[in-house]
Amino acid sequence: MVSKRRLSKSEDKESLTEDASKTRKQPLSKKTKKSHIANEVEENDSIFVKLLKISGIILKTGESQNQLAVDQIAFQKKLFQTLRRHPSYPKIIEEFVSGLESYIEDEDSFRNCLLSCERLQDEEASMGASYSKSLIKLLLGIDILQPAIIKTLFEKLPEYFFENKNSDEINIPRLIVSQLKWLDRVVDGKDLTTKIMQLISIAPENLQHDIITSLPEILGDSQHADVGKELSDLLIENTSLTVPILDVLSSLRLDPNFLLKVRQLVMDKLSSIRLEDLPVIIKFILHSVTAMDTLEVISELREKLDLQHCVLPSRLQASQVKLKSKGRASSSGNQESSGQSCIILLFDVIKSAIRYEKTISEAWIKAIENTASVSEHKVFDLVMLFIIYSTNTQTKKYIDRVLRNKIRSGCIQEQLLQSTFSVHYLVLKDMCSSILSLAQSLLHSLDQSIISFGSLLYKYAFKFFDTYCQQEVVGALVTHICSGNEAEVDTALDVLLELVVLNPSAMMMNAVFVKGILDYLDNISPQQIRKLFYVLSTLAFSKQNEASSHIQDDMHLVIRKQLSSTVFKYKLIGIIGAVTMAGIMAADRSESPSLTQERANLSDEQCTQVTSLLQLVHSCSEQSPQASALYYDEFANLIQHEKLDPKALEWVGHTICNDFQDAFVVDSCVVPEGDFPFPVKALYGLEEYDTQDGIAINLLPLLFSQDFAKDGGPVTSQESGQKLVSPLCLAPYFRLLRLCVERQHNGNLEEIDGLLDCPIFLTDLEPGEKLESMSAKERSFMCSLIFLTLNWFREIVNAFCQETSPEMKGKVLTRLKHIVELQIILEKYLAVTPDYVPPLGNFDVETLDITPHTVTAISAKIRKKGKIERKQKTDGSKTSSSDTLSEEKNSECDPTPSHRGQLNKEFTGKEEKTSLLLHNSHAFFRELDIEVFSILHCGLVTKFILDTEMHTEATEVVQLGPPELLFLLEDLSQKLESMLTPPIARRVPFLKNKGSRNIGFSHLQQRSAQEIVHCVFQLLTPMCNHLENIHNYFQCLAAENHGVVDGPGVKVQEYHIMSSCYQRLLQIFHGLFAWSGFSQPENQNLLYSALHVLSSRLKQGEHSQPLEELLSQSVHYLQNFHQSIPSFQCALYLIRLLMVILEKSTASAQNKEKIASLARQFLCRVWPSGDKEKSNISNDQLHALLCIYLEHTESILKAIEEIAGVGVPELINSPKDASSSTFPTLTRHTFVVFFRVMMAELEKTVKKIEPGTAADSQQIHEEKLLYWNMAVRDFSILINLIKVFDSHPVLHVCLKYGRLFVEAFLKQCMPLLDFSFRKHREDVLSLLETFQLDTRLLHHLCGHSKIHQDTRLTQHVPLLKKTLELLVCRVKAMLTLNNCREAFWLGNLKNRDLQGEEIKSQNSQESTADESEDDMSSQASKSKATEDGEEDEVSAGEKEQDSDESYDDSD
C-alpha cells in the first residue's frame, strides 16, 4: 500500500520530517543520559505522571525525550492492568486523560509526547522494534484510552492550524496526524471517520493534504466506502484537493462503478489541471480502468492530454541544450528542471501501468492506430509507442507494424519525430537500446520512407542522448555497414555522413568503431567506399589531435596496401579512398568563418602531402588503363563536387591536365602512318581547316597500338621505352581536363573549345557491303572504335551542353546527331559480331563483375528459350493459340546482339531490335550528366559557318530532331527510374548482381533525389512543348490520312520515333509525379511548382492558387492529349500519370469517374496494328488498363455485364481474326486477359459486400439481394463462356476464381438468404436456381479436367469439389431453418464434359459415386456450407494459393 503512494508529495515531506526528528532526538551517549536525569525528570504528583512511572515511562522536561524503561508491549499491558484494577475504574480513565490534557498544555511537553521515547534497555535485551513509539502512540494502543485520547488530539489540533513550524522545524499538526496511523486496532472506526472528515472541512489546505493522504494508514477497510463517498463530494467542492484525493482513492478498496463516476469527473477536468498534478491523476485514471472500457478511456485520455501537459513551454525548449552542456542553471533553470521532473514522473506512472496491465498497452496502441488524420498525431503518441515497445516485449511486432503503416501513410513525419526527441530526450534516453532495436528493424524494410524513418531514429538518438548512447548508435550503424545489405549500407553511411557534420567532436570519440569498417571493404560498393572514406577523412583531418593522427596512419596503410594490389577490385578501393582523402586534405576552407586566413590557406607541407598522395595513385595506376581511367574519373568527381584549395587546383592544372594534349591530340594535317587494317581519315570535323593549326583526336592509331600490344605479348612498351596511352582513358581524361578548366576559369571553356569541333582520326565506319567479308577481329576492332568515338562525343556533349552562344549550341546539337548516327552504325556491327565485349565506359567494381555475363549469360538464355519454343511448337497441344498469353518482354533478359535470328522471331520492327541491342550495351557508354538535358530547351538554332578570317561564310539552321529527342528522353527516363523509383518496385531478382541496376549512373548516384527532381522540374516547360508538338504531329497525321494514323502514306520510321518520344515523355512525367518524396513537407513547394507549370499551359494563373485548383487544371491539360495517343502503351502511361496526380486530390468520386471514362475510351479504340498474326497490345498492359477501368467504374457489375454480355458475343459472331466492335481491344488472342480480369474483379467485388443482419432495414435487404442477383448473373455469363473458349488458360482461370466466388457466396450471401427467404421467397429461389446451373457447369469442368488428366487443372479440383459440397449442405441448412425443405430440390449429378455429354469412364463413375455418397449430390450448384467447414476450406485454399499464382504467370 505504501508503494502505491510514492507520488504523494505531502507524504514524502512527512517521512523526511519524521526521519529528521528521529535523528535529532537520538541519545548522544549513555553517560550523557545519566548525568542529566536528575535535573530533567518531571516532578509531578498527578495520577497521570504516577501511573506512567509505575508502568515504565519517565516523563522528561525541556529538550530531552521521554524515557521508556520497559518494553513497549509490557508498558501498554502494565498500564492497562493498572487502570482496570484501580478502585475508581472507570473514573480513573477521565482523571488520567485530564492529567494528560493538563500535561500537554506546555508546548515542549506536548512535543515530547508526540516524539518517540528513548529506550533505557540494553539493545541486546530489547526484543521489540528498533524504533520506539511516542507516548501518545503507546496510549492510543490501549483500547480503554483510545477514544478519549483521539478526542483530546482532535481538540488540540486546531490550536496549531495557523502556526508556523517551531524552532526545531517540527510540524506539530503533521505529528498529531501521524499518531493515528497504523494503529493495531481502531475501537470506533465510524466515529474516527466522522471526526477526520469534520477536521478536513475546517483545516487549512496544507493540512488537508496531509490528513487526506494519511487516510489509508488511519482507517480500516470497513470505512473505505464511506470515506470514498465523502472524498468524492469534497472533490467536487474543492478542486485544489484533486491530487491528494485521487492519490487516496487509488489506495482504497472501492466499488468499480463508484470509481467510474469519479474517473469521469476527473476526465472532464483534465484540460485544466496543472502539469505537476498530472502524474497522480493519470495514475488514478489508469488504475481505475476495466477491460471493457480501456480503449474508450485511453482514446479520451489521448485527446484531452494537450501538448502543454507533455511538452515544455516554448521558452524552456530553447535553453535545454544549454542545460545539458552547462549542468548548472539559474532559478528559471530550476523551473525547467521541475517541469522535466514532472514529465519524467508522468511517464514513470504510465510505464508502470502498461508493464503490469496488458490491456492498457494494447488499448493505447489501438487508440493510436485508429487515429487517421495527420494533424491528430501528437508527440505524446510517439513517446508512448517507444515506451510500450521498450516495456512490453510481447507487443513489439504489433508496434512495429503500426509504426510502419503510420510512416507509409505520412501520419508520422520527421518534424514530429524531431519534436519528440528535442522535448522528451530525458524520457527517451532510458530506452536507448529499444529505440536502436526499432531503428534496426525499420532499416530492414524495402520501403524507402520506412528506411528514412529508421535512419532518423539513429540520427536523433545520437544528437540528443548521452555519450554511452552515442557509442551504441555508432556501433549499430557500423553493424549495418558490415552486413553487406546494399540498402542498409547506403542508409547507415548516409547517417554517418550527417553525424560527422552534426557533431564532429562526438563522432571523433567513436572514430575507432568507424575505422573498423576498413576490414570489411570487400562487401561494399564504390559509391559506398567514397562515403566511408569521406567520413574517415573528415574525422582524420578536421582536428589535429592524437586520435585523428592514428586514423590518418591507418588510412594511409590501407590505401597503400590496396593500391599495391594486382587485383583490380582492391586497386579500385585504394584509388577511390586516396582521391577522397586528398579532397578532404585539400579542401578550400577560405570561406569558413571559424578559421583565420593563415589557417584557411593550405600550407606548403599540406600541399606536399596532397600532391605526393595523388602522385602515388597515378604511379600505381598507370600500368592499367582501367585503373588510370578510374583515377581520372574519381579526380574529376572530386573537382566537380568539392571546392579545392587554389594551390591544389593549380598543381592539377600544371601536372596532370597538361599531359592530355601530348597523349591524344595531334595535327589534323598529318595523317598517321602505319600498318593499320583500315585507311585512316579525319572524320566528324565541324570546321574546315586550311592552315596548319588544325588538331585531331588520334583515336584509331591508339586503338590499333593497344590491340597490337595485346597480341604481341611481353614485347610491348619495354622496346619502345615510351609510355603506352590507352584510348580507354580518352573520355575520362577529357572529363578531368574539362572540369579543371571549368573550375579554374569560372565555367569558361574557351581554352579547350577547339576539342568540340576537331575531327577524329578514324576510318570509314559505314559498313556497306564489306561487312560480311570482314574477319571477326576486324569487326570487333570496328565495334571498339565506334564505342570509343561515341564515348568521346558523349563527354564532349557533357562539357559544352551549357554553352549559350548559338554557334556552340549548334555544334553540340550536331555532335548529338553524330551520336545517334553512330549508334545506328554500331547496331549493324553488333548484329553480326557474336560474343563481342565492348571496352569499358564506367570503371567500377560493379561494371567489371557484370561484364562477363553481359553476353554469355544472355546468349545462353536465348538458346535455352529457343529450344523451349521449338519444343512447344512440336508438342501436340489442344490449347488454341489465339488464347495463349504471350509473355511480357523483359529488358533484364534481353538477348545479345549476336543472335539475330532469335531477335527476328521475337520482335518486329527495326526500332525494337535497335533499342534491344543498345540496351545490352548501355553499361559501356559514358554517363550523360543531368545538365545535358538543358538541350531540350533548344528549338531551332542558327549556326554561323565562318571562313578563315572569322567572317560569316554561310548560315545553317540546326534543330533538335526526333531521333536526338528520343535519345535524350530515353536516357532521362532511365535516370529517373534509377533515382526516383522506390526500391520495392525495382527489386532485383534473387542472386542477381546487387549493383547491376546502378551501372552507368555513378555520377547520378552522387546527387540526392531532391536535386534530380529540381533539375527535371526546370525541364517541364520544354518537355510540355515537345509533348504538344508531338500531339500536333499525330493530330495532323490523322487528318491527312482520314483518321488512320498507320495508313499507307505514313513514314513508318518517323512514326515509330515520334510514338516512342510520346511514350518516353509520358513515362518521365509519370516517374516524376509518382515520386514518394512529395509526401514530405519540405518537398511540397516542388509539387506546387510542377503543377503550376502544367496548369499554366491552359491559362496563366496566380502562383497562390489552391492545390485542388492546380490539380484540376493539370489533369484537364493532360486529358487533352488522349485523342492523339498513338499506342496502347502510351495510353496506359497517360492513365497512370493522371492517377498519380489525382491521388493528391480529395475529390475521389469525380476523379474515379474521369479515370474510368478515359480507360473505357482506350479499351474501345482501334489501335494501330502490329504483327498481323497477333495483337500489338501487350497482355500485361491490357490487363493493367482493364483492371484500372473496372476498379474505377461506378458499377463494376454493369461494366462486366457489358463486356461479357455485349463484347464477347460480338467476338464470337465475328471472323477468326476480327475483334469485338464495341471493344476492339477484345480479340480471340486477348480474350483470356479479359476473362481473367473480369473473374478476379467480380470475386473481389462480392467479397466486399457485407452479409448484413436480420436487424437491417427491409430496404437494405432488398438492395443487397438485387446486388447479388446481378453478381450471380455476371458469374453465369462468364462461366458459360468456357463452352466456346475452352483453352487451357481459360479453364484454369475458371477453376481458380470459380471456387473463390462460391466461397464468397457462402460467406457473404447465404446469411442474407437465411433471413430474406420468407419475405422474398421467389427472388431467393430464382437466385439459387441460376447459381445451381453455374455450379453444375463447374462440376462438369472438374470432370473434364480429370478425364484430360491435366495436373495443372486437376490440382484445383479437390478444393472446388469440397466447396461445392459445402454449398449443398448450406442450402439444406437454410431451407431447414425456414421450415421449407421442399422448396428446392437437391439431387445427384452425373459426370459430364463441358458439352454436357456423359463421361462413360467406369473409373470416373465409381469415383464420382464415392464422392457423392455422403453428400446429397456430387454437385448440383447450390449454396454453401456450415461454418466449421468453411474454416477448413479456407486453410486449404491458402495452401493452394501460391501454386495458382505461379501458374498464372506462365499462362
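Backbone N, Cα and C atoms are what each Cβ position is placed from, and that goes for glycine too.
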Phosphothreonine per Swiss-Prot, picking from T23, T1408, T1426, lands on T1426
In Swiss-Prot, the phosphoserine annotation, restricted to S8, S877, falls on S8
Of the residues S592, S624, the one that Swiss-Prot lists under phosphoserine: S592
Residue from S10, S717, S1175, S1446 to which Swiss-Prot assigns phosphoserine: S717
Of the residues S720, S898, S1404, the one that Swiss-Prot lists under phosphoserine: S1404
Grab the pLDDT values for the region 'Interaction with FANCE' (1-291) and give me their mean, rounded. 80
